[in-house]
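Asks: Below, the features straight out of Swiss-Prot:
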REGION    1-442  region 'Disordered'
COMPBIAS  1-20  compositional bias 'Polar residues'
COMPBIAS  64-76  compositional bias 'Low complexity'
COMPBIAS  83-102  compositional bias 'Low complexity'
COMPBIAS  131-141  compositional bias 'Pro residues'
COMPBIAS  150-161  compositional bias 'Pro residues'
COMPBIAS  178-220  compositional bias 'Low complexity'
COMPBIAS  255-264  compositional bias 'Gly residues'
COMPBIAS  279-288  compositional bias 'Basic and acidic residues'
COMPBIAS  295-353  compositional bias 'Basic and acidic residues'
COMPBIAS  375-386  compositional bias 'Low complexity'
REGION    559-566  region 'G1'
BINDING   559-566, 606-610, 660-663  GTP binding site
REGION    584-588  region 'G2'
REGION    606-609  region 'G3'
REGION    660-663  region 'G4'
Amino acid sequence: MSESKNSGENTLSVTPTKTLSLKRPVEAGTVRQSFPHGRSKAVVVEKVKRRPIGPGGDGHPAREAAPTPAPAATVTAPPPAQRPAAPNPTAAPTTPPAAAVPNVPPPAPRAEVAPPSAQPAPAAPTAATPPAQPKAEPVPAPIAAQAAPAPVPPVPAPSAPVPSTSAAPAAPKPAPAPVSQAKPIQTAPVQTAPAAQASASQTTGPRPVAAGPRPATGAAKQATATPQRGAASPAQRPQTGGGQRSGGQQRNQSGGRGGPGRGESGSSRTPTGVVLRSLTDEEREARARALSGARIREEEDRKRAAAEAKAREEREAREREERAAAEARKAEEDARRLQEQEAKRRSEQEAKRRLSGGEPAPAASPSVARKPVMTATAAAPAAAAPSGRAAVTDEEETKRVIRRPGMPTKVIVPPRPTKGAEPKSRGRLTVATATGGEEEERTRSVAAFRRRQQRLRGHVNEVKEKLSREVILPETITIQELANRMSERGVDVIKLLMKQGQMAKITDVIDADTAQLIAEELGHTVKRVAESDVEEGLFDTVDVEEHLVPRPPVVTIMGHVDHGKTSLLDAIRHANVVSGEAGGITQHIGAYQITAPNGSPITFIDTPGHAAFTAMRARGAKVTDIVVLVVAADDGVMPQTAEAVAHARAAGVPIIVAINKIDKPDAKPERIRSELLQYEVQVESLGGDTLEVEVSATKKINLDKLLDLIALQAELLDLKANPDRAAEGTVIEASLDKGRGPVATVLVQRGTLRVGDIIVGGTHWGHVRALIDDKGATRSEAGPSMPVEVLGFSGSPEAGDRVAVVETEARAREITEYRERQRREQAAARGGQARGSLADMMSQLKNAGRKEFPLVIKGDVQGSVEAVVATLEKLNTDEVAARIIHAGVGGITESDITLAQAAGAVVLGFNVRALKEARALAEQQGIEIRYYNIIYNLVDDVKAAMSGLLAPTLREEMLGNAEILEVFNISKVGKVAGCRVTDGRVERGAHVRLIRDNVVVHEGKLSTLKRFKDEVKEVVAGQECGMAFESYQDMRPHDVIECYNVHEIKRSL
C-alpha cells in the first residue's frame, strides 16, 4: 500500500497475500492531564481501532491496537539489538546539565530533532537484565500524540551506527508533546513481553542500517527536544508508569514512518495489502476545524489553569500568614499566662513568708524564672516581672527593720529584678510605653468598666427636665417651623392636632391661635407678635382734646324692603332717587349729606332692605352714629327689621324708630310698638328709652320732627373729630368704572382728605386724583363725616376696608404688600384646615356626586357682587350647587369669556354690559351671556337652571296583576307564559314585576302580549293572555305578575 500527497501518485495496489482493512472506527474522549504546582489541562483523546479480516502474511504475531500516551519518547537511532529490552527509567542516568533546556513550551507546534552532539550517550545498564515490565494496558492517546509535526529540514545522521551497548540512551520520563497540525499517527503494536520483542528484533535485523541515513522519517519527525525537557527538574515530569514508557519507546522504534518497524528502508515502498486513499477537502476542513478548536480549548484551559494556580497560591500564602499569626498569638498568650502564674506564685510565697516571719525567699534565677515561658516565637514577652502590688510592697519594706525578741535585726532586701526583664504594664500610659513600640494592648480594669456601666445606667434612669422656651408666634406659621421654635418633634405637634380633630401635614400652615394652644400644651410660653407692626400708628391714634371740634352725625336708614326707606330719604333731601332705581328697590348703598333746618349738616347712608344685602347693612351699621329703623305701619315687623335691630345692637349705636306710611287707612302704629317689644326695643311711649316718630314719606308728615330727634340724639352723643390731621375713613362701596377706573365711596371719619394725598385702602393704594360729592360736584378736600367718591386707587378696594393717608409711597407699598401676604397665608391656613378636618372630609365625600352649575359673575359695585354671590350660595343642595368660577367688578371682558369657555360656565352681568370684543368672542365660542338689573330676576333664573340639573322623581302607577297558569316553549319566540289577569289591566310595553313566593325575582318590561294568536295592546281583568318578557325566560306556574307604569316628575329648588 502506498500514499502520496501528489494527485498523480494516488495509486492503489493490492497484494493477494495481504489483509484488507476496513474503515477504522474512532472513539473520542477527554482526559485531565496534571502538571506540577496544581496545574491541569483537559486533553481530547481519540481512540482508533483496527479489526483484521484475515491472518497476517508477513509472519508478525497478532497485535492489538494500543494507543500510546501523549508524551513522546526520545529517539536517537536505537539499534535493533536494544529495541526488545527497554532499560529501566529509574536506573538510567539523567542527562548532563549542559544539555538541559528550561521546560518552556515551544512557540510553534513543530518538533525539532536534537543533534547527536548535544546529547551524549551515557552508560546504559546491561541489556541482559532488563526489569520485568508488565503488559501495557491500552491508554487513550491525546490528540497531541496523533498529530505529526510539520516537516523540518533533514538533520545529518552519524556516519556510523552506535554500538548497542553504548548507544542506547536512558529513556527519560516523557514530557507532554505539543499539539501539531498533521495527520494522525497509525496505531502501534503494544510491547507485551520480552519474548515478543526478541522475535521482532530477529525478524527486522538489518533495518537499523536504513534508519541511519534517513532523518526525515516518522521516527525522526517524532524525535523532538524531549531529552532537554526530560533533563529539567523532576517536579515537571508526568507520573507515568514503566509500562507506558515502554509502550512509547516501542511506538517510536517500530511504528514510525521510515523507522525499523516500517521496512528495510524508508524510501523503498513495498505493497502491504492495505488500501489507502487521500483525504477529501471536507475531511481536511473538518480535521482543521477540530485541531483549531483543540488549540483554542487548550489555550483557554491554560489560562484557566494559570488563574486557578495564581488564586491557589494566593490562598495558600494567606492561609500560611493566618496560621503564622495565630501561632504567634497563641504563643504570646501562653507566655503571658505563664508569666502571670509565675508572678502570682511569687506573690503568694512572699505573703506566706511575711506571715510566718521567716527570711525572704531567694529570688529565682532568671533562667529558672523564664524557662517555662521561653519559646521560639515569643522570646520578648517571656521576660516577666513581679506584679504591681508585690513590687510596691517590696519597695515599702526595703527600708523597714524587723525586730523580734531573740532574732537578729535584718533589713529585708527584696529580690532584684532580672537583668533585661521589663516591668509589667500597670495599665497606665507613660511616655516610655507610648514611644517604646510595644504592641501590647492596654486593657482596662474591671473596676473601671463597672464604674462606666454605673455611670451610663445612671444617665439612662435620670429624668430629664423639660425645657420651657419662649416661642414667638406670628399670625400664621407652618407646623415644621413651630416644631423647630419649640425644639419639639413635628410628629408630636401633628399628634396634638389629630387629637383636636384636624388632619394636617408637616408643611401645612396653621393660624396663631392654634399654634398658641399647641405651644401651651407642650409647656412653652407664647409671645404673640405680628407683621402688622407696619400698621402701627396708622389708625386710632389718640387726638388732643383741644384739637377736637364738633362733627356732623352719620345716620343710617335701615329696615325691611318696601317699607319706604329711600322714599323717606328722598323726602328729606327733596330728591327723587326712587324713580331711577330698577324695580323700585335699592340695590346699592348710598351716602348723602343734607342740611337740617337748624343749619347743621347731617350725613345719611341708605342701605338695601333685601335679604341679600346683609353685608351692606352690617357695614352701614359699623360706620354710623345713629340708626333710623323704618317700619311700615301697615306691614309690621319683618325679618329684615329684626336683622337691622341686631346690627344696631352689635354696633352699639342708638336707634330711632320711624313708623312710616301712617297715612294709609290700614295703618296700626300701636301694633308696631308692641311687636318691637319682642326684639327688646321699648319706645318712649311704652316707658322705654328708644325715640320714636310717626312719619309719612309721601305726605311729608313729621319730617322736621324726625330731623329734630336726630339732632337731639347727636347732641347727646357729643360727636367730635380733629380735622387737622391725616384722614381716616371707611370704604362704603367700590366699583370699576370704564372711564374713571377704580372708584371708591369713602366716608371720612377723622381728619381731612385732600387731593394729592397718598392713601391706602385694603390691599390697594394710590394718589387721590379727584374727590366727588353726592351731588356730583368736584371738591378739593373732604372733612369728617363727609361721603365722597375717591379716584386714584390702583385697584378696586373691598367694601368695608379702612382707608388712611400715609406719608410716603414706600410706607404705602409696604403696608399693602403685608396685607396681601397676610391674606394669602390666612387663605392657605383656612384651606389646609378645611382639607384636614374630619367634618370637611365627610362633607367632601357627601358632595362627591353633586352636580355643579358653573357661573362667572360681573357686577357694577363690590357690594352688589357680594350680594349676588351670597344669594346664589344659599341655593346649593346636596344634589346640585352653583360654583362661582369668578366674581368681579366691572364690565364683561374677553378674559371673562375665555374663562367661561374653559370651565363651561354661563356669564351673568349685574348692571354691567359686555364689551364689543367680548360679545364677538362669546358668539364665536357659543358662550351665553345674560344681563340683569334686578337681583330677583337673576336669582330666579339661576334657580330654574339648577332645578333642571336635579334628577326627576319617579312615581309608579299600578295597572293590574296577572297569574301564570302554564309556561309554553315556542321555538322561535322562547318561553311564553299563559296568564289570567286577576285585577286591573295589563298593557304591552309597561313595566312588570315578577313575584314568586312573595319575593321579587325580576323587574323588566312586557315585550309581547297576545290574546289567542292576535297581538293586543292591553288585556283586562278576567281574560287570559300570553306574555313574554324582555331578556327573561325563567317563568314558572303560579308566579304573580304586577304591571305598572313609571312617571317622571321634575323637581325644583
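Every residue, even glycine, has its Cβ placed from backbone N, Cα and C.
Mind running through what each feature is packed against?
Replies: Residue counts for the compositional bias 'Basic and acidic residues' (279-288) by DSSP state, with H, G and I taken as helix and E and B as strand, are 8 helix, 0 strand, 2 coil.
Counting residue by residue with DSSP, the compositional bias 'Basic and acidic residues' (295-353) contains 59 helix, 0 strand, 0 coil.
DSSP states for the region 'G1' (559-566), grouped as helix (H, G, I), strand (E, B) and coil, give 2 helix, 1 strand, 5 coil.
Listed in sequence order, ALA633, PRO669, GLU694, VAL695, SER696, ILE701 are the same-chain residues six or more apart from ILE662 (GTP binding site) with CB atoms under 8 A from its CB. Look at ILE662 (GTP binding site): DSSP puts it in coil.
Mean pLDDT, taken over the region 'G2' (584-588), works out to 59 on the 0 to 100 scale.
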